[in-house]
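S.K.: What TrEMBL records for this protein is below:
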TRANSMEM  B:20-41  transmembrane segment
TRANSMEM  B:48-76  transmembrane segment
TRANSMEM  B:96-115  transmembrane segment
TRANSMEM  B:122-140  transmembrane segment
TRANSMEM  B:169-190  transmembrane segment
TRANSMEM  B:220-245  transmembrane segment
TRANSMEM  B:257-279  transmembrane segment
TRANSMEM  B:286-308  transmembrane segment
Amino acid sequence: MKLRTLALASLAALLMAGSAMAQTSVKIGVLNDRSGIYADLSGEGSVIAARMAVEDFDAAAKGINVEIVSADHQNKPDIASNIARQWYDQDGVDAIFDVPTSSAALAVAEISRDKNKIFMDSGAGSADLTGKSCSPNTVHWTYDTWALAHGTGSALVKEGFKKWFFLTADYAFGQALEKDTSAVVVENGGEVVGAVRHPFPGTDFSSYLLQAQASGADVIGLANAGGDTVNAIKQAAEFGITQAGQKLAALLIFITDVHALGLETAQGLVLTESFYWDMNDQTRAWSKRFAEQNGGNMPTMVHAGVYASVLHYLKAVEATGGKDTTAVMAKMKEMPTDDPLFGKGEIRADGRHIHDMYLFQVKSPEESKGPWDYYKLLATIPAKDAFRPLADGGCDLVK
Amino acid sequence: MSLETPAQSQAEALPVGTPRLHLIIFAVLLVLLLIAPFVLYPVFLMKVLCFALFASALNLLLGFGGLLSFGHAAFFGSASYITAYAAKDWGLSPELAILLGTAAAAVLGLGIGALAIRRQGIYFAMVTLAFAQMVFFFAVKAPFTGGEDGIQAVPRGHLFGFIDLSSDLTLYFVVLVIAFGGLLGIYRIIHSPFGQVLKAIRDNEPRLISLGYKVQRYKLAVFVMSATLAGLAGATKALVFQLASLTDVYWTMSGEVVLMTLLGGMGTVFGPLVGAAALVTMENYFAGLGAWVTVLQGVIFVASVLLFREGIVGVIARLTKKSL
């Protein structure tokens, strides 16, 4: 099979020799969770998104031969590191995409720097990827915890929800999320009336939720992730917290979580994302194509990020006429980004991709008009305010 | 610790010629492992070696001491954290970092072991699991472990100050020396008088007590040895992958290593090696299959428990009537 591809490729190259078009072969790896808790928000969907990017770019016609490989890192950084090394050393992979789970993403970022290859992250949240652990080989596309905390915090305070109460997972990640969000809330003229730390992972949130309810806060911020957030939302629904007028703000949640929870439970939840399928004609058209290949499930912002980053990568490969890492990275940062899903944007010196973020509220079952009609837009956070200022990240590449 | 053993008169239980057979197997294994990095991917092989050592350490406790620890990730993981931290933040050389990590695992093993061996069977397993969870929570919350992100970008450094470990091939031979040394050490322990007493305790503890052996001391000793070797494996792994993360201390890691031992053949010398190689290969080469990897692991585990409970090497040993 491989031999035949090779033979065909060399034949094609032979035929094209003499013509001005240079034949470049690139191999991209989509590394993510294909079996665990992030399989829905990344997983096979990200591979579909990458394939769509290659089709839409019409790579073959432009003399770029793209091969996509994928693997499951099971959310374990050692497996991620092992696969990434093997891909770079043995399988000739030029760039790795997606990689949810911060620990795995940081591991892949280090290896990509060592081997001088390109890493474009979509699935992971750690703001360190473009902060103190930044690397000249990393691009972080879709979102990060800073953007989510600040987006939700500032936009809600501006909407007039000033009094906050935090329900925080008691470990480094949750505490950081609470600290970041509190700072934004206070900065924008809001007030933090209280916070409660729950053990990680937690199952029973009832006492914390009652405390939050009694605090008289306008917003209950959920500074946790994954199963904790889902459990907290379910139990909040049982207490009728959002129906009673308090807002529930999840600081890290995806549309697939909302889909799993159902509108009955998730209604009224406020969250920040960088992409929603039902934003405009372009996103709807793309998402419809995506859903056809993905068993009817709409894309998450992570899928959108994989699509957009693959597209931008291929543009840079075409522009530089090769796949030299340094040249392609320089081109990607120099060239403004433009794709149907995130619109126009740019990649900053620290590798952070800049685009608008959106504050959404989950619709009630009555408001929803059909499957996957889940969000209504509350506010748009303009690109310039959506991400951590370049100077504050502590990245060595910024001088 | 002094182990006073009453008059030792164990007849060698092994069939005649077994040590010779083992010697041959070890030699063949060593030759294969020396050639292997030129054929297979060295990082993958290093992972196999680390897990082979880890599984053998557990096998020492489970297969020969009869003690099922469900918390060995605590030793593996804490050693890997300490090594990673020492190498990265204190800038220690790799050999010192590994020694420090291993020593930490030994101390932890002494503490946990001293309490756990007071109970038997399922209670012993539960106590070790509970302690392992405590270590996990410590790793989640302690500031130096980096929480969910773990300790990343651990420098491999220069062994003894002059051997550059940044090359995978060089590091492979260092790991090979460590792992093979560990395996030989375990083999030596198993076949020492101490090992004979261990097996006797496993088979009939009251009898050993009645014979005047201080059973608890033996159990504690083997627990600490096993914890130390598990720590050695974890410390080495931290340098190989240049990271230490929650995966290493999570309870599934304890489960995985039990699975490796059972699949390969509990209580055999070479079983854990085979089990570790099988599982790591699956994790690695089938990564492209996505969710099917974990399903496959489950199916294999069920099949091995139902169909060949002695494990792969156990079955081979039975068929060839040799002790392996």
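Placement of Cβ uses the backbone N, Cα and C atoms for every residue, glycine included.
Any TrEMBL annotation is an automated prediction that lacks curation.
Small disclaimer: the values here were computed from a predicted structure and weren't measured.
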S.K.: With pairs restricted to those 6 or more apart in sequence, evaluate whether the transmembrane segment (B:220-245) and the transmembrane segment (B:122-140) have 3+ C-beta pairs under 8 Å.
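M.R.: Judged by the Cβ rule, the two regions do not touch, with the required three close pairs absent.
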S.K.: Please indicate, using numbers and ranges, the residues of the same chain that are 6 or more beyond the transmembrane segment (B:96-115) and have a C-beta under 8 Å from a C-beta there.
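M.R.: Hits for the transmembrane segment (B:96-115): 71, 74-76, 78-84, 86-87, 127-128, 131, 135, 157, 178, 219-220, 223-224, 226-228, 230-232, 234-236, 238-239.
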S.K.: Could you tell me what the rest of the chain brings near the transmembrane segment (B:20-41), counting residues at least six beyond its ends with Cβ under 8 Å?
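M.R.: For the transmembrane segment (B:20-41), the far contacts come to 49, 168-169, 172-173, 176, 180, 184, 187, 269-270, 273, 322, 324.
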